[in-house]
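Pulled from TrEMBL, these are the features on record:
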BINDING   Glu74, Asp117, Leu119, Asp120, Asp247  Mg(2+) binding site
Amino acid sequence: SMASPALLMRVVASAYSVAEKAATIVRNVMSAGDLGIVEKAGPNDLQTKADRLVQMSICASLARKFPKVTIIGEEELPTDDVTEDLIENGHSEEILKKPCPPQYTGIKEEELVIWVDPLDGTKEYTEGLLDHVTVLIGIAYGGKAIAGVINQPYYNYEAGANAVLGRTIWGVLGMGAFGFQLTEAPAGKHIVVTTRSHSSALVNECIAALNPDHVIRVGGAGNKIIQLIEGKASAYVFASPGCKKWDTCAPEAILHAVGGKLTDIRGNSFQYNKEVKHMNSAGVLATLRNYDYYASRIPNTVKESLVP
């Protein structure tokens, strides 16, 4: 008989279904019309009813199936009993059928940390820039991002009334990433994707030093990694301390699974063990290809301004 699937594949298969449930919640909150917006640290740091419900759904659903896994979510929420309608018990059969990369077959529940951003691009969500919005579930082992799920609840939303909304991208290191068409940015073009709502003199100085042909300003870390893996941008550059571990864990795993690279602006790898501080205080530099080209052009003044 077949051995039962390795824990990692069971977690990813569940996270896939949990992310699809999350997308439904995101769309339902929007269509009901009351976003329940709360300012956290200021007008660019918002939380909506969708952020709250989705985080409860993701964390409770995964904790029920994998009680010893550490789950860290963006929102500070009361640990009230979560209503049953928020629980997702399903999993992707397709993912369960795939063999686990051998280096991860022996993982135990207590060795995994799951980083959850229930709604990445909240500000854009409140402004109706729906293609910027993602749900991020990143899975870390030994401090490294090893698997991730990115759901885009509004993928295809401009394709007309009959379009199927949403898609789920997932990946595991040593296996690859799925749910999209891997495309490289045009050769010889330097297209930089960066922040839309968290710009600063330092952010702009760093981008100018790269002498890009084009700069794309969009919300959401998940969305920016999608720009890289679909060939719309050649580098994601963010010289600012605003981003957190739950923003980068899932995107990093997916990018690394297809041979890309994501670090802080100084070239240091991120650590995702449960004790780590949540802030990525030295910014983000990510590419699908040609990482060294961009890394070598980050000014020292910028690196010195951002302390890990």
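Glycine too: its Cβ is placed from the backbone N, Cα and C atoms.
The structure, with features from TrEMBL marked on it.
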residue	record	CB count, 10 Å
Glu74	Mg(2+) binding site	22
Asp117	Mg(2+) binding site	31
Leu119	Mg(2+) binding site	30
Asp120	Mg(2+) binding site	27
Asp247	Mg(2+) binding site	27
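Same-chain neighbours of the Mg(2+) site beyond Glu74, Asp117, Leu119, Asp120, Asp247, judged by a C-beta within 8 angstroms of the site's C-beta center, are, in sequence order, Asp51, Val116, Pro118, Gly121, Thr122, Thr134, Val135, Leu136, Gly220, Ala221, Gly222, Lys244, Trp246.
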